[in-house]
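J.: The structure under discussion is supplied below as structure tokens; questions concerning it will follow.
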Amino acid sequence: MPQVRGVTNTDAMPIGPVDSSKVPRFAGPATFARLPRIDQVERCDVAVVGVPFDAGVSYRPGARFGPAAVREASRLLRPYHPGLDVSPFERVQVADAGDIVANPFDIGAAIESIEEAAGAIDARLVTIGGDHTIALPLLRAAARRHGPLALLHFDAHLDTWDTYFGAEYTHGTPFRRAVEEGLLDTEAVGHVGTRGPLYGRKDLDDDRRLGFGIVTAADVLRRGLDEVIDALRQRVGDRPLYVSVDIDVLDPAHAPGTGTPEAGGLTSRELLEILRGLAGCDLVGADVVEVSPAYDHADITSIAASHVAYDLVSLLAMQEKT
Ligand SMILES: N=C(N)NCCCC(=O)O
Ligand SMILES: [Zn+2]
Ligand SMILES: [Zn+2]
């Protein structure tokens, strides 16, 4: 039976996901959360878009298959978010914008086309990666619309390193490039969940000099969620905020399917609670990156990433004026 959707949503209710009480959730093509494709709606407030690109990785590859795995895992999401008390797909039009085509053999060309394609989507974006290289063109596109951005970067890693094998554009370097390009408001940039061995103490000195504050994974444990959320909200204030979530911010027990796993990470419960604590901030865009399904088990990582994306969509939907 073909799926029936509304013809137009110009001034009517948003078109929501396929109803899982009528069409089994395991049937039909996997758009994010079973939402309509962007070409099936007249207007779109929040778009979920994939970037299947992983030519920037330093260790285990495979994040090019992240968008497809996260969409599959998102079939079980339901339309009401009790933690945030919002039905995001009723409040605004959310749609799946498909995948951005990025050259797998030319990182420079890929970065350019990601920036251009992201800039051409007339909606607030939640992007599913792909490796962390893609954050740079996504930040460029967002900063072009909103000016210098506050950034909360959830990751085991700093990703402010300078070069790898002489290469400037990799998944370990996007946030140094973003500061150098003036995309970020360096009064309001921070990492959350940082941990693991570094190349040297200079990594931290450089990072601090670039303007970043750090809430380590150990800080989340020792200071507790409420204090951490307060500190993050104070740092961000009312600036336009971009949230970048590298799924390796989670402990490998919660996200084995990723390229550069580090022990001692956040639980998915902690991450989701911190994200919910950002309700009311001026979120303008977000990404979830570094899901590498070949290393996953029982879809643990792509399920976690689908919930992170759902929370980010919900935060964007809550602040959109209806
Ligand atoms: N962005 C991620 N996931 N990892 C960066 C790790 C860079 C390194 O191999 O040192
Ligand atoms: Zn990382
Ligand atoms: Zn990263």
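Placed from the backbone N, Cα and C atoms, the Cβ positions cover glycine too.
Sequence annotations record features per position, and here TrEMBL assigns Mn(2+) binding site to His132, Asp155, His157, Asp159, Asp246, Asp248.
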J.: Taking 10 A as the limit, how many CB atoms besides its own sit near the CB of Asp159 (Mn(2+) binding site)?
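T.: 26, counting other Cβ atoms within 10 Å of Asp159 (Mn(2+) binding site).
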J.: Can you tell me how many other Cβ atoms are located within 10 Å of the Cβ belonging to His132 (Mn(2+) binding site)?
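T.: So the number of other Cβ atoms within 10 Å of His132 (Mn(2+) binding site) is 31.
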J.: Looking only at DSSP and grouping its letters into three states, which state does His157 (Mn(2+) binding site) belong to?
T.: coil
J.: Residues with Cβ closer than 8 Å to the Cβ of Asp246 (Mn(2+) binding site), same chain and 6+ apart in sequence?
T.: His132, His153, Phe154, Asp155, Ala156, His157, Asp159, Thr258, Val289, Glu290
J.: Which secondary structure state does DSSP assign to Asp246 (Mn(2+) binding site), in the simple three-class scheme?
T.: strand
J.: From the centroid of the CB atoms of His132, Asp155, His157, Asp159, Asp246, Asp248, the recorded Mn(2+) site, which same-chain residues not already listed sit within 8 A by their CB, in sequence order?
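T.: Other same-chain residues with Cβ inside the cutoff are His153, Ala156, Leu158, His171, Gly172, Val249, Thr260, Val289, Glu290.
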J.: Which residues in the same chain, at least 6 apart in sequence, have a Cβ under 8 Å from the Cβ of Asp248 (Mn(2+) binding site)?
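T.: The answer is Asp155, Ala156, His157, Ala255, Thr258, Gly259, Thr260, Pro261, Glu262, Gly265, Glu290.
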J.: Note down the number of other Cβ atoms within 10 Å of the Cβ of Asp155 (Mn(2+) binding site), including every protein chain shown.
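T.: Other Cβ atoms found within 10 Å: 25.
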